[in-house]
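**Q** Got a structure here, written out as structure tokens. Questions coming.
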Amino acid sequence: MDANIVLLPGDGIGPEIIEQGQLVLEAVAKRFGHSFQFTSCPMGGNAIDSHGTPLPDETLAACRKADAILLGAVGGPKWDDPNAKTRPEAGLLSLRKELQLFANLRPIKPYKQLIDASPLKREIIEGTDILFLRELTGGIYFGDSGVKPHASGEEAYSMMVYNTEEVARIVRLAAKAAQLRSGRVTSVDKANVLEVSRLWRRVAAQVMADEFPDIQYDVVLVDAMAMHLISRPRDFDVVVTGNMFGDILTDEGSMLPGSLGMLPSASLGEAGPGLYEPIHGSAPDIASQGIANPLATILAAAMALHHSLGLTEEAAAIDAAVEAVLDAGHRTADIAAGGKCLSTEQMGAAVLAVLG
Ligand code: NAD
Ligand code: IPM
Ligand code: MN
């Protein structure tokens, strides 16, 4: 198959991990007889520096034409001034919105080889297999916002807004995903306080009752979920929630596999290319040191093959290669639990060696 893959390396560790993701995709193309064309585009802080905007028109145009997009991460201290007129993160948010990527899939399935890399106890983690569905183009990230004068100085607001259709479509996807898994959906909200969550809860219940009566369905408040996620993670199958709650809960959930560096994600819409990225950020604290874990990005590349290109066997080969390097005891610093560790490049090379 011929495929056109846009790479958005981004900032910080982004270029370091994307390089490994690209090498892995090239190895897959070679092994399975495909031809992948890669186009690398500026996005994020680097694009602010080179183009004065975090999402240049040419980058957006290239993304629209792509079969799949692989992103490293954007942001960093250089662009963190709260008075700046734009930010790297705004580019990513615009890209998600422009491509209507409303569904962010974040699987959390700890590797048996990494149980000791987690700060949590083995008996809590073992057997966990959760698929988070985070709504990605609505909620507090995209509601009306502003700043105005106030007697004390200024007042700022960011509104959390959802409409019926936005809730219904993500809940529907969650239920469909659950049909292919163990048949349970948990919706997470803050309906005891927020009007927007009460709408979310009404719509979710309606969709589940009308369209998915066979799926076991329950609701959990987000504050309690933060606790259940690390005290009884095995009890959850598909978890569906809004944009900000999903963002926060999945970073917390990264402690189940033991590191943010292990969690990939797929952002999908009704049509068009998907956007694939690790859930972590640009990790400025370890950027340019060559020690970032590339596995989340490599696993995101596998999700791209699976969801956007329909190459399930190829995706499975990457997943198996990651398992194999972990079996062989290869670790980067974030998952080394004090043991010997590899550089970003060495970990990428270990995956490539298995892929052949
Ligand atoms: P972060 O995810 O970048 O880092 C949090 C911690 O996890 C750091 O200690 C970091 O070293 C570690 N970490 C992250 N990825 C790692 C990896 N692959 N290997 C080893 N360790 C890893 O979060 P932050 O520090 O809060 O944010 C830094 C910047 O990244 C901010 O500008 C933020 O807006 C941005 N960010 C971008 C994205 C994205 O582009 N999708 C996602 C999250 C944060
Ligand atoms: C993520 C990040 C982004 C988000 C930021 C960088 C806009 O934290 O992808 O999880 O909050 O969605
Ligand atoms: Mn995040």
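Just so you know, glycine gets a Cβ as well, placed from its N, Cα and C.
Here's the feature list from TrEMBL:
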- 76-89, 281-293: NAD(+) binding site (BINDING)
- ARG96, ARG106, ARG134, ASP223: substrate binding site (BINDING)
- ASP223, ASP247, ASP251: Mg(2+) binding site (BINDING)
- 4-351: domain 'Isopropylmalate dehydrogenase-like' (DOMAIN)
- TYR141: site 'Important for catalysis' (SITE)
- LYS190: site 'Important for catalysis' (SITE)
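Context for these features, please: burial, neighbours, distances.
**A** All chains included, 12 other C-beta atoms sit within 10 angstroms of the C-beta of ALA84 (NAD(+) binding site).
There are 12 other CB atoms within 10 A of the CB of ASP223 (substrate binding site), with all protein chains counted.
Within the model, the domain 'Isopropylmalate dehydrogenase-like' (4-351) carries an average pLDDT of 98.
The Cβ of TYR141 (site 'Important for catalysis') lies under 8 Å from the Cβ of LEU93, ASN243, MET244, each on the same chain and at least six residues away in sequence.
Classification of LYS190 (site 'Important for catalysis') by DSSP places it in coil, neither helical nor stranded.
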**Q** Look up ARG106 (substrate binding site) in the DSSP assignment and report helix, strand or coil.
**A** strand
**Q** For a Cβ distance below 6 Å to any atom of ligand 3, name the binding-site residues from GLY76, ARG96, ASP247 that qualify, or say none.
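**A** Among GLY76, ARG96, ASP247, near ligand 3: ASP247.
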**Q** Are there any residues in the same chain, six or more apart in sequence, whose C-beta is under 8 angstroms from the C-beta of LYS190 (site 'Important for catalysis'), and if so which?
**A** SER197, LEU221, VAL222, ASP223, PHE245
**Q** I'd like the Cβ neighbour count for ASP251 (Mg(2+) binding site), meaning other Cβ atoms within 10 Å of its Cβ, all protein chains included.
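**A** There are 15 such Cβ atoms around ASP251 (Mg(2+) binding site).
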**Q** Which number gives the other C-beta atoms within 10 angstroms of the C-beta of ASP80 (NAD(+) binding site), all protein chains shown included?
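**A** Looking across every protein chain shown, the total is 13.
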